[in-house]
Amino acid sequence: MKVVIIEDEKLAAKKLTAMLVKAEPNVQVVAELNSLKSVTHWFQSNPQPDLIFSDVELLDGQVFSAFEQYPPTCPVIFTTAYDDYLKQAFESNGIEYLLKPFEQSRLQASLDKYHRLEQQFSSVPASLISQLQSSLELPKEEFRKRFTIKRHKAMELVEAKEVAIFRLDQTGLFAYNNKGKYYPMHDFTLNALEKMLCPQHFFRINRNEIINIDFIEIIVNHTKDKLKLKLKGLDFDCITSSHRTPEFRKWIESS
């Protein structure tokens, strides 16, 4: 099976390749493309592969721009951190929409789906594509709207939308609102919260902080590969990690 990977982050492309090889030992990754320019150039000069794995946000724009010039005739499995592009994915031969980060089992399920549909409709290619398109399943994720916080013998309800930042320090994990009030979140971890919170509003900018986009007041360059964020009503700054900065830039523009 010949596969093209469209991904602007080299480490993410390598990880996906490794996951594919684990799932499909005979897979052949014929190209790794990281920009609209490279995508259009490759599809202009090469035959379509059997399957495409594609991120949406590339270095120089959204992949759909390239797909408008060279519409894929093979199925596409989209891999992205955002759930905002389902309609465009459907219109671009999308058969699956994998939200990053995804597990090996999720990737395997998408490949099994591809093979199952391919086998079922192999004698009628046009019908195969139609069936693959119609099989796109919209993820129905439920995110936490509020948290119950224990304070002594009482309990408080904290609305997720009112939390400006979840912050881990030496004393524990806390949720801060924009008035400086904070709530202990000792029953949770940042890793768990990251999965519970809506990714359109919340983003983990470093190992210790998850911020709410609705409370970002100012963003300035901190170093070459880090950003400094000022949140409304809070007297401390937040610094993105160099590892998370590129993804944060994409997220802030699409949310």
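Glycine residues also receive a Cβ, built from the backbone N, Cα and C atoms like all the rest.
According to TrEMBL:
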DOMAIN    2-115  domain 'Response regulatory'
DOMAIN    147-254  domain 'HTH LytTR-type'
MOD_RES   Asp55  4-aspartylphosphate
In the domain 'HTH LytTR-type' (147-254), how many residues does DSSP call helix, how many strand, and how many coil?
23 helix, 48 strand, 37 coil
Where does the mean pLDDT land for the domain 'Response regulatory' (2-115)?
90
Residue counts (helix, strand, coil, in that order) that DSSP gives for the domain 'Response regulatory' (2-115):
49 helix, 30 strand, 35 coil
